[in-house]
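J.: Pulled these features from TrEMBL for this protein:
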- 36-51: compositional bias 'Low complexity' (COMPBIAS)
- 798-813: compositional bias 'Basic and acidic residues' (COMPBIAS)
- 637-702: domain 'CBS' (DOMAIN)
- 36-123: region 'Disordered' (REGION)
- 785-831: region 'Disordered' (REGION)
- 206-230: transmembrane segment (TRANSMEM)
- 251-274: transmembrane segment (TRANSMEM)
- 280-296: transmembrane segment (TRANSMEM)
- 308-332: transmembrane segment (TRANSMEM)
- 385-405: transmembrane segment (TRANSMEM)
- 417-438: transmembrane segment (TRANSMEM)
- 473-493: transmembrane segment (TRANSMEM)
- 505-528: transmembrane segment (TRANSMEM)
- 571-595: transmembrane segment (TRANSMEM)
Amino acid sequence: MQQHSYLNCTTTTENANISFASIRMASSSAGYFSTRRYPNSSSSRNSPHYPSAEHDSDNDDDPQAVLVDGPLDDEGDPNRFSFKRKQKQPATSNFLSGFARPGSGPQSRHDTPSPRGSTPNSVLRPKMERHWIAAGAFAAGIDIVTDFLADLKTGYCRAGEDGGHFYLNKFFCCFGYDSVAQCRDWVPWSVASHIGSVGGKWFIEYFFFILFSLSFAFISSVLVQEYALYAKHSGIPEIKTILGGFVIRRFMGIWTLVIKSLGLCLSVASGMWLGKEGPLVHVACCCANVFMKLFDNINGNEARKREVLSAAAAAGISVAFGSPIGGVLFSLEQLSYYFPDKTMWQSFVCAMTAAVTLQAFDPFRSGKLVLYQVTYSTGWHGFEMIPYAFLGILGGIYGGLFIKVNTSIFQWKKTATWLPGPITQVMIVATLTALINYPNLYMRAQSSELVFSLFAECSKLTDDQFGLCKTGAATIGTIFLLLFAAVLGFFLASMTFGLQVPAGIILPSMAVGALFGRAVGILVEIWVHNFPNFFAFSTCEPDFPCVTPGTYAIIGAAAALGGVTRMTVSIVVIMFELTGALTYVLPIMIAVMISKWVGDAFGKRGIYESWIHLNEYPFLDNSDETPIPDISVRQIMTRIEDLVVLTATGHTIESLTNILAGHPYRGFPVISDPKEAILLGYISRAELQYNLKISTQTPRSLRPETEAFFSHQPFADPRITLDLRPWMDQTPITLPSRSNLLLTANYFQKLGVRYVLFCDRGVLQGLLTKKDVWYVLNGAQETRRTNGQDGMGMRTGLAREEGTGEQRGLLHGEEEDLAPFTPAREDAPML
């Protein structure tokens with residue numbers, strides 16, 4: 001039986017049995033280090049190498065430093081161990097520094113009275129509900145602006161006196177007309193240009209379509225590049241990583257919220273094959289993060305912040321699909337690392353409030369939360385289970401191939417140094433997409449409009465603009481057009497997802513699935529129509545349609561989405577809430593289940609997990625089935641001689657400030673003295689920096705030479721000394737250095753900690769971070785060289801690949817730190 005003594009480290013590992021009842025997922029907010037070692041270091045042969053990881057989030061407290069092992073520094077301060085460090089160069093461009101100034105964003109933990117805020121009784125307060133309402137308001141605004149900009153590619157509205165209603169999109173401009181063709185208030189660009197010939201009209205409209213598409217894509221990419229780099233992509237992989245215990249500073253700041261919202265409107269309106277559903281989760285989490293700054297007791301508590309973020313993610317999906325219950329299940333199944341009953345209740349209220357807010361705004365003036373909500377009045381028949389299962393197979397194949405192609409494209413981009421910059425790449429893809437989209441009727445429309453038409457029943461479709469309800473020989477051409485559009489959409493979505501614009505993959509996957517689903521539905525409808533006496537069709541009623549092709553589009557969309565994300569329960573519930581047809585739950589369940597099985601044959605990771613792995617984020621899934629090597633942690637931990645360790649006494653405010661200025665690590669172990677090295681605790685950089693800062697300010701106004709200590713000093717005068725014990729974690733999670741990796745990995749996976757200290761008989765031996773374990777379990781073939789002695793991903797050599805943020809993921813950030821004290825002139829005032 002395993003016994004723990006966190007302070008004196010008397011722990012045995014035989015028949016280890018960990019009790020995870022007291023989860024400390026975020027209580028160890030002191031953070032973890034990212035280490036880098038030289039090949040000649042004393043411990044480099046046993047220590048893994050890390051990729052560059054930017055560390056930039058409004059949830060974070062400290063920057064991530066690049067630690068470089070070197071010989072023990074015997075010169076300088078005798079009360080601490082030190083080693084050589086090489087400062088990493090920020091991967092982001094200098095333009096970010098102007099928008100990442102400390103103090104320019106939301107209030108950080110450095111500015112709160114206590115970084116360890118108490119946990120409130122409930123976050124369900126009127127003020128906290130604002131971020132749930134804000135999520136619905138942002139979603140409504142994004143829907144309205146996106147529709148207006150998307151329709152601007154084809155014309156403008158001249159309704160009202162002197163064209164005063166130019167701000168209306170095509171739907172509202174032609175509101176009340178039976179069809180768009182009868183609408184005289186909507187002016188196509190060919191009419192505005194006074195082009196008379198048919199060919200001239202087509203080409204001028206083609207020109208304006210491409211012009212506006214490129215303009216929207218360019219502006220969106222420039223906004224992301226210049227003002228908020230973290231607004232690109234979906235944001236779900238990063239949010240999942242944050243909820244798993246990692247932190248990315250400024251990822252959910254106010255600038256990111258603004259640029260994500262504006263950029264999302266522009267990128268979706270550009271017509272590129274991307275969606276706004278995934279980014280809406282990021283927008284909702286940004287709203288939550290901004291409002292959490294108003295509450296010090298929540299903002300200073302990492303565990304509570306992650307509970308609120310889980311609820312915000314549910315709100316994002318709720319407003320994206322009009323599916324509050326599906327949003328809660330999405331947060332539970334896909335995003336949240338730790339999801340207790342309390343978080344379930346909060347997520348439910350959050351999703352409900354956001355949906356009600358969106359319903360109150362009613363952006364489509366139809367009572368629908370999303371444009372492609374449909375209802376079905378017919379049921380399904382037993383013989384249809386075969387095509388439903390076939391759609392599940394197609395969805396799994398699509399998901400597996402999409403992940404392979406998409407990740408391969410962006411892995412190739414990492415190595416192809418000759419490629420142009422990210423903005424140019426966006427323009428190339430946008431140009432290709434616009435050139436392909438306009439001639440194809442199905443791809444010319446916005447994805448939401450296309451999905452709605454594919455889902456709809458022919459009997460309820462008043463304007464068949466896509467020719468989906470044709471009869472006779474025309475249906476064969478429709479089938480080929482649908483399949484051709486699905487293939488083109490697959491390749492365009494594979495190239496688009498991951499570009500430097502706000503982009504989601506949920507709606508494009510649904511569109512591709514709906515395209516091949518509708519094609520299969522039309523084929524089955526033709527089959528039933530041509531062979532009505534076939535024995536399998538005996539259950540069909542003669543005076544009613546036996547097959548509804550729109551239901552095949554729904555099931556195809558669910559199967560494609562399941563194949564890409566590998567989710568199950570939440571997809572079924574979302575599709576049920578979209579259609580309101582309880583009778584189709586079983587076919588959707590079967591298709592999604594088969595889709596997941598087929599997709600898992602290509603690889604166990606879904607698209608979000610694949611991008612986490614591609615960006616090398618240190619996320620350890622507690623349900624991951626990755627085999628864990630049977631090795632000792634001694635082989636991979638950072639040994640004490642390679643750590644910066646603070647001693648209990650012998651410090652001043654000035655010396656500690658200089659340590660922080662010279663060593664940008666996220667925390668420091670505290671030991672009794674250099675000889676015995678008895679572990680006393682661990683202090684995070686944020687809390688040490690905060691105390692040093694306030695101690696030199698009013699009312700204490702301590703001098704730089706004031707003594708500071710981490711242990712009990714019976715004769716110390718508290719008025720003229722600085723006692724740092726209250727801010728030190730005196731019971732850090734520890735294990736004996738002879739522990740194996742399996743036990744240690746369970747600590748990281750189940751407890752969500754970011755570091756573990758190792759000691760023998762109370763003597764500190766080393767430290768292991770979450771990223772250490774991540775690299776051992778995932779191999780990190782791209783960035784580390786094997787030692788040729790095993791195939792378990794153990795690496796030596798410590799070449800770090802320095803490159804742009806696009807090449808390494810999103811994690812290089814900048815942080816203002818305390819400046820080192822410099823000798824003052826005789827006449828200069830003391831601090």
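Don't overthink the numbers, they just go from 1 along the chain as shown.
Note: Cβ is positioned from N, Cα and C throughout, glycine not excepted.
Where the annotation comes from TrEMBL, it is an automatic prediction and has not been curated.
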J.: Select the range from 206-230, 251-274, 308-332, 385-405, 473-493 that forms the most Cβ-Cβ pairs under 8 Å with the transmembrane segment (280-296).
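T.: It is 308-332 that shares the most Cβ pairs under 8 Å with the transmembrane segment (280-296).
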J.: Have the transmembrane segment (385-405) and the transmembrane segment (251-274) got at least three CB pairs under 8 Å, pairs 6 or more apart in sequence?
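T.: Taking Cβ pairs at least 6 residues apart, the transmembrane segment (251-274) and the transmembrane segment (385-405) are not in contact, as fewer than 3 fall under 8 Å.
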J.: Restricting to CB pairs under 8 Å, which listed stretch, 206-230, 251-274, 417-438, 505-528, is in contact most with the transmembrane segment (473-493)?
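T.: When the Cβ pairs under 8 Å are tallied, 505-528 comes out ahead.
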J.: Which of 206-230, 251-274, 308-332 shares the most C-beta pairs under 8 angstroms with the transmembrane segment (505-528)?
T.: 251-274
J.: What average pLDDT does the predicted model assign to the domain 'CBS' (637-702)?
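T.: Result for the domain 'CBS' (637-702): average pLDDT 90.
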J.: Helix, strand, coil: count each for the residues of the domain 'CBS' (637-702), based on DSSP.
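T.: Grouping H, G, I as helix and E, B as strand yields 24 helix, 19 strand, 23 coil.
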